[in-house]
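Here's the structure, in structure tokens; my notes come after.
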């Protein structure tokens, strides 16, 4: 059977929050089967647990924020993307501040942490959400959609009127039966425009942003001396974000996602629209690995196929 997964060991890291600029202590811990991904604010007294679920999403300005009462955890999407890419169903994520550390702006450091902790299969069937009917949400010229697909596929189109963004690097569609999340997506960094930085910081956002954890673009060019990690790193980061946002369904997805200029807000609207339309999805498990369109070859390397 395809089993649920958690971490073998706890592991710790330190970083800064992208928007708060605060130092953050992060601890990833194993969790029992059927727990899901639980974010825990250990700096609060008493600590507050916030399940990583679409219905707990509050603020979606520039990042995805989970909330429970007055407690918040911002910028969860890059860590969740790594959890999804490696097939981690259950974990406790402890943070000492209201934000997951940005690390290098990608999911790569989280992939490294999870692999370093080790991945353990649990004695429980892995639960998937399978898309049965198309679901679409729109805002002006932006849209996001789910379609039935026997596997996991993500397509995204971004558009900015800027010389750095071209048709060649503005669209990507990845079928994870033939694409490695770790190799082709996980290292794509978040990006931002210098012209927006002053406005963001005036609103106490992006206080921890730097060339060490983001691709920065002025009116003409990329400012990072080392350039891009992928030719299409911008759109691949949007795919990375979407994978993290989609994992707030609580389970791995069997289906196709397409986004056109969508962001965290529209992604969450799509999840809520899907969950509200009960005949558009179903929860499934697989007793035999050969029956599943998503295969996990061995702990540590999750491959859709």
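Every residue, even glycine, has its Cβ placed from backbone N, Cα and C.
Feature annotation from Swiss-Prot assigns active site, proton donor to 264; the stated evidence is sequence analysis. In this structure, residue 264 (active site, proton donor) is part of a helix by DSSP.
Using a 10 Å radius centred on the Cβ of residue 237 (Zn(2+) binding site) and all shown protein chains, the other Cβ atoms total 27. Taken from Swiss-Prot, the feature Zn(2+) binding site applies to 78, 237, 241.
Neighbour counts were taken as the number of other C-beta atoms within 10 angstroms of each residue's C-beta; across the recorded positions 78, 264, the minimum falls on 264. In the three-state DSSP reading, residue 237 (Zn(2+) binding site) counts as helix. Note: residue 241 (Zn(2+) binding site) has non-local neighbours 77, 78, 81, 190, 263, 264, 267, i.e. same-chain residues 6+ apart with C-beta under 8 A of its own C-beta. Apart from 78, 237, 241, the residues listed for Zn(2+), the same chain places the Cβ atoms of 77, 81, 105, 106, 107, 188, 189, 190, 238, 239, 240, 244 within 8 Å of the centroid of those Cβ atoms.
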